[in-house]
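A.B. asks: Residues annotated as domain 'Oxidoreductase molybdopterin-binding' in TrEMBL: A:269-401. As annotated by TrEMBL, transmembrane segment applies to A:50-73, A:93-115, A:136-156, A:168-191, A:212-232.
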Amino acid sequence: MVRDDGPALIRRVVDWLRAPLPAPPAAIRRGPLAEGAFPSPLRSARLTSLVGVALGVAFAVCFLTGLISHLIQHPGGWFWWPSRPVSLYRVTQGLHVATGLACVPLLGVKLWSVYPRLFVWPPVRSLAHAAERAGVALLVAAALFQVVSGVLNIYHRYGPMPFFFTTGHYWVAWLSIGALLVHVGVQLPIARAALRRRRRPDEPPDHQRRRLLVGTAAAAALITVTTVGQTVRPLARLGLLAPRRPDEGPQGLPVNKTAAAAGITADPGYRLVIDGPDGEQSLDLAALNALPQHTVDLPIACVEGWSSTATWTGVRLRDLAALAGADPDHADVVVESLEQHGRYRVSTVPPEHTRDPLTLIALRLGGQILHPDHGYPARLIAPNRPGVLQTKWIGRLTVREIR
Amino acid sequence: MRVRVGLVTAGAVLIAYAIVGTLTADPIGILVFLIAVLVAHDALWMPAVLLVVAVARTRRKKSERSRDSGAGPRGG
């Protein structure tokens, strides 16, 4: 005879987790812990569920688009990102920032609607209840972390963040999505019941709650539309949480890092070093200008959500790869900046971008020689690529054949 | 029930992945910021918002009461 202790053991563990803990003394039930401390009739399970669904969708879109941006910048061997359509990244990253900012009012109302639950009595009923509350605290902290750090990044305010923004934002995104899934799993029956609930015929319509919902939706929509103003010029002046203007900056294009901030000064003896299968060679500006020049219209699409299209002129990267002795259809190129420090001083151009005739080592912007803040004497401009990977002040290209 | 168990399990796996990843990054700085935004929201921001709303509501009720009493029928 075989004894089946498995289910019994699980049942015992579940019972142990759900066993009531001793109640705290009633004397400490004061202030926000007191019954009826939060009298607003606007709060309801249905309101919380409706805002929660909207917030969940916004978080999911934000997470997926953010993951795409991360993978483009840190590609694993399996990841592939095309060079066309040229504006795909500006759409995915614009969506990332717009949905992230739309989370500000959604998260605000959601947390307001459940705030009384922070002071639920008794604070901890059982170990299972304690674990559930810890999960909610993790979700709230991670959600606030993502929204606050994202806004600080848009405004280039890194002082309050005691970590490297990109890394922290990336890992806490996983944390928030994990905590969100746990939360949905725990709250699913309550949310389902609240969303299915219909007003009884004798129940008066709840105008105040409807106004709150409409107001929240309007705030989220307004923030989304004005964020798009970072790219769409007629909306540029409306940006509340999106400070960049697509036409402001040297040569009518925004700049995140100036030449001065990068420690770059004009060098009359500048030479671009090209290393490849045929060995190393260097070209001065005159030699670069003597090569076939091409003009393309391409956007700079920043990870902060703004983007702006400009007209670039320069040498095709595939022509330089061929000059280095590589097959331009099967080569990647490591692009190094003259910048001595900085996390983005080196980037790799994958084969699909290297072979694309739109990828240039740009020497001119809008027909004029590049402004120092835009990367003079030479910079990379490639289609469908984050701005941080459009390396400026290029000093060296290493062409590697991919077999 | 299966859906709920699946969601909770997947969520727990992702949380574990995130914690391991955070440990390779800057765990102290990230933890400090996580706690700071949570405390700032729950202990400062939300009480301040609720206080402002409560004060505004009280003032509005007071002004409505005084307006009603002022507009009422006068004996004489």
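Each position is counted from 1, following the chain as shown.
Each residue, glycine too, has its Cβ placed from N, Cα and C.
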A.B. asks: Can you name the far-off residues of the same chain, 6+ from the ends of the transmembrane segment (A:93-115), with a Cβ under 8 Å from a Cβ of it?
C.D. replies: 38, 43-44, 47-48, 51-52, 54-55, 58-59, 61-62, 65-66, 69, 140, 143-144, 146-147, 150-151, 154, 212, 216, 219-221, 223-224, 227-228, 230-231, 241-242, 301-305, 307, 386
A.B. asks: Going along the chain, which residues at least six beyond the ends of the transmembrane segment (A:168-191) come within the CB cut-off of under 8 Å?
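C.D. replies: For the transmembrane segment (A:168-191), the nonlocal Cβ contacts are 45, 49, 52-53, 56, 59-60, 62-63, 66-67, 70, 132, 135-136, 138-139, 142-143, 145-146, 149-150, 153, 161.
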A.B. asks: Mean pLDDT over the domain 'Oxidoreductase molybdopterin-binding' (A:269-401): what is the value?
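C.D. replies: So the average pLDDT across the domain 'Oxidoreductase molybdopterin-binding' (A:269-401) works out to 96.
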